[in-house]
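Down below is the structure, laid out as structure tokens.
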Amino acid sequence: MDKYAVIGNPVEHSLSPVIFQAFEKQTNHSFDYLKIKAPVNGFAAAVKKFHDEGGKGANITLPFKEEAYQLADKRSQEANEAHVASALQFREDGTIYAVNYDGLGLVQDLTRNHNITLTQKSILIVGAGGATRGILGPLLNAAPEKIVIVNRTPSKAHALAKIFHLRGEIQGGGFDELEPMRYDVIIHATSLGHQGKFPPLPDGLIGSQSCCYDLSYGKIASPFLQWAKDQGAKYNFDGLGMLVEHNAAVFYLWFGIYPDTNPVIEMLQAHL
């Protein structure tokens with residue numbers, strides 16, 4: 001039986017095996033899907049071992065997305081743009097193909113599942129790490145009015161804005177540089193939720209129709225989403241749908257079939 005996996009560290013709480021099991025039942029495909037916890041300094045060896053043992057593909061989670069991109073022989077446009085990979089495909093000729101579907105998953109979840117319009121909207125992204133880098137391309141493809149990246153270290157936000165500046169109106173800065181305006185969409189892309197915290201955002205960023213979205217899901221997303229509710233945001237979503245939509249795109253890459261994501265999202269929401 002073909003083998004697939006999610007590779008990360010930590011990986012114990014990954015929902016990807018549950019999602020792929022649901023896709024497996026829905027499409028009548030049979031395969032094994034494993035969780036592989038790779039040592040922080042042993043990612044390449046873990047991938048090689050899985051590949052040598054017949055692995056056909058792998059989802060990549062933290063902290064290995066940049067290393068997965070470097071490991072690949074060929075890469076999708078989205079992966080090249082972001083310099084990160086969210087999934088790998090092991091091809092028949094022995095090469096490794098890298099894709100980055102994080103941004104695709106986010107945009108699909110916002111626009112298709114939640115009916116949020118991104119075109120000609122103002123978007124604030126909180127955080128300038130790999131997660132932000134992975135979503136900027138697809139967000140810019142949606143033709144927003146502008147994107148502002150804010151980060152504790154302003155130079156990182158400025159650097160990201162510079163990389164993508166030819167794609168649309170985009171700027172970066174620190175929290176003290178934030179313009180006093182109300183954004184249509186605010187996306188939280190830091191890891192502070194793991195510590196039960198959220199960034200030092202000022203009041204006055206949220207309007208009556210604003211949408212707030214945390215790339216994390218469950219308890220990790222709670223601090224930011226609670227702040228959003230307290231500030232009066234009309235729409236508040238965590239990243240569970242993004243994860244499912246991302247995995248649906250990966251499933252299509254591996255199997256050539258696009259699964260129905262709605263029942264899977266509903267199933268996960270009922271159990272989380």
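Using N, Cα and C of the backbone, Cβ positions are placed for all residues, glycine too.
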Leu215, Leu268, Leu272: which one does Swiss-Prot list with Gly127, Ala128, Gly129, Gly130, Ala131, Asn151, Arg152, Thr153, Pro154, Ser155, Lys156, Gly239 for the NADP(+) site?
Leu215
Residue, out of the binding-site residues Ser14, Ser16, Thr61, whose Cβ gathers the largest set of other Cβ atoms within 10 Å
Ser16
How long is the line from the C-alpha of Arg152 (NADP(+) binding site) to the C-alpha of Thr61 (shikimate binding site), rounded to the nearest angstrom?
23
Long-range Cβ environment of Lys156 (NADP(+) binding site), under 8 Å and at least 6 residues apart
Ala128, Gly129, Gly172
In angstrom units, rounded to an integer, how far apart are the Cα atoms of Ala131 (NADP(+) binding site) and Tyr217 (shikimate binding site)?
14
